[in-house]
């Protein structure tokens, strides 16, 4: 007879009328009982003949592709002019005094950020914009191209001008070496002084003035430079190591654009007169530059190499035959849907190519991309705006994958210990947080996005003209692309983009100037940055609490008036560093803070309402006695795992599901197991904040017996049969908790200390989790454990009771600065201007 839910509850000791714990609990460790229960609940039955279920509620599993929805009315979000101040460390020091080592190290990491992949795979330009929406290919092409253009205009991307130069908009940083008329301009910066512009083969600045060529040779392989391109390193390697910016002006050569050939550049750029950096002059000269003048000094043409004449250098002078778009003007219409009808609407379609305000030198960058892009909804709640998805997954796959640095994410208990208090809270929203952090230009060749131009994009989609790939500029197949579909799409897009259609129909290659979202390094850098900023804020306002996770910043203060004045001060400070906040998204939470999916108040933490709603929905839709595909189980476990710490039995209750996912087998929910989980998740208990205290109850065990020291009382017992040592220690801890009621226990077992009971026999893990919920553990070495003797059957010998203090930990949550205490038992009427006198130090 299958096990009923009531019987199962009784078995797990979740009912009050269970027998004495010392007899009942060891039974749950019995392998035979665990196996029988698993069979009764149909938990481990992988061989099912019924077809698997691949969808449960909103969770989809194997063989199901979620079709993304294209929205023709997507708006491209606006990006403010984000420019993080380069002297951020000095500004912080002026604000709060000397920075700690940790804060300094973190801020140096992102000024500028560096990226060194082991291997970079270059893809053809046609793969620049992914054909994610085949029905709306042209529309998607232009919307994506507009998004990229917006990012370039906002100073977030570089535009590849030639193999060795790029242009960008916005304010330059000191590590971006300026080019004027294909010539380097040296600026002195307060950060590096003159040593920062040692000429190197790759345009990477070395930190030290000594021997940059040696460094550049070391870095060549990581930057993907071939040995023959390091011509500078080769030419100068015979000389002494110390090359300063103004030491040998006569032997100096610049490789700003193309390193090949005998073209020697005039050395006046290195003379001190041209060091003055005049932005206004540069802008005017740029606007009159034609692409013909942008040829390299060595006489090599420097436009895209692998691209047909559609983007050849002469086009901005007005030669029509170089531009695919303008060729239609002089050709006869081929039908009523010929593109020439659209192109003849305008006399002046504007420039073929736009150039940025600044031109800089970059390492050799091929006319390729390293990742594809496409658009999706900004988030599930905002479908009117688009978000750019960049696929740089090549850096986290395969044998040459980059191992991203690990960083600490606060766990639930640490978070609760830290934030559960009676403070008033508000959260700040950093707009486009990732795009605040500047990347070194040396990373550009690895992070390239772009598009091959409309003609090749359309040709790739229509298989007929795919063969004549090499002759796209020629007249005979100019009209191959004319179709009703393309004509109608372009006419509609003309309303939105106007003359820009021409600009967007040209090929372009862009590299990231700020950190992109699709690279594993970015979350790490963002976490380092915001935690350093919060650390500075905490030290500037010692009677408040500031905390961050990624781009989510929260501020807490004793009263609402205090919080408002803190908010004003912190906002002004962040804006002075160049951090853009989104004022519309500032949320005031009162006393219960919503953060990282939790609601955290003085009583502890619980999952947010929308997660509770999802849980209810999940159980409503969960089928019984039907095998569910393991991929769906993975998604169910993702949701249930988030809320597991708030249930009686915690993670151990989900172990059967974990096991089936690991074995990649289907899982069948029996009515009893579903009812058990359902009851677990419909009554959630808050996770409370741990309190400091003295440990006066100790537990210890041997495989055959257990012993407790409760104050001056000693208790011992034996097991019916010998048990594995970890199981015995866990049982002893449960007995100590149930006999004494103490919520701080001393134990010498690391597994019990870790509070992860998923590796124990299933029934025991579930029961122990419930008994030990809310218990804090202190480590006591075996030699000092007062419960050691009773566990070995010796009751007469009394070791002295230790005075073992328990201090709640906030984990590695980057609280390097001392933070104030926020004891919730203080009266609420603390005057808001008075810093509290009790300072709390992280353990």
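Note that Cβ sites are derived from N, Cα and C of the backbone, with glycine treated the same way.
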Report the candidate from 429, 480, 629 that shares the Mg(2+) site with 551, 552, as recorded in Swiss-Prot.
429
Taking the region 'Spacer' (178-346) alone, what is its mean pLDDT?
46
Residues close to Mg(2+) site centre defined by 429, 551, 552, Cβ within 8 Å:
427, 428, 430, 433, 548, 550, 553, 585
Packing count at residue 551 (Mg(2+) binding site) (other Cβ atoms within 10 Å of its Cβ):
18
Enter the number of other CB atoms within 10 angstroms of the CB of residue 429 (Mg(2+) binding site).
16
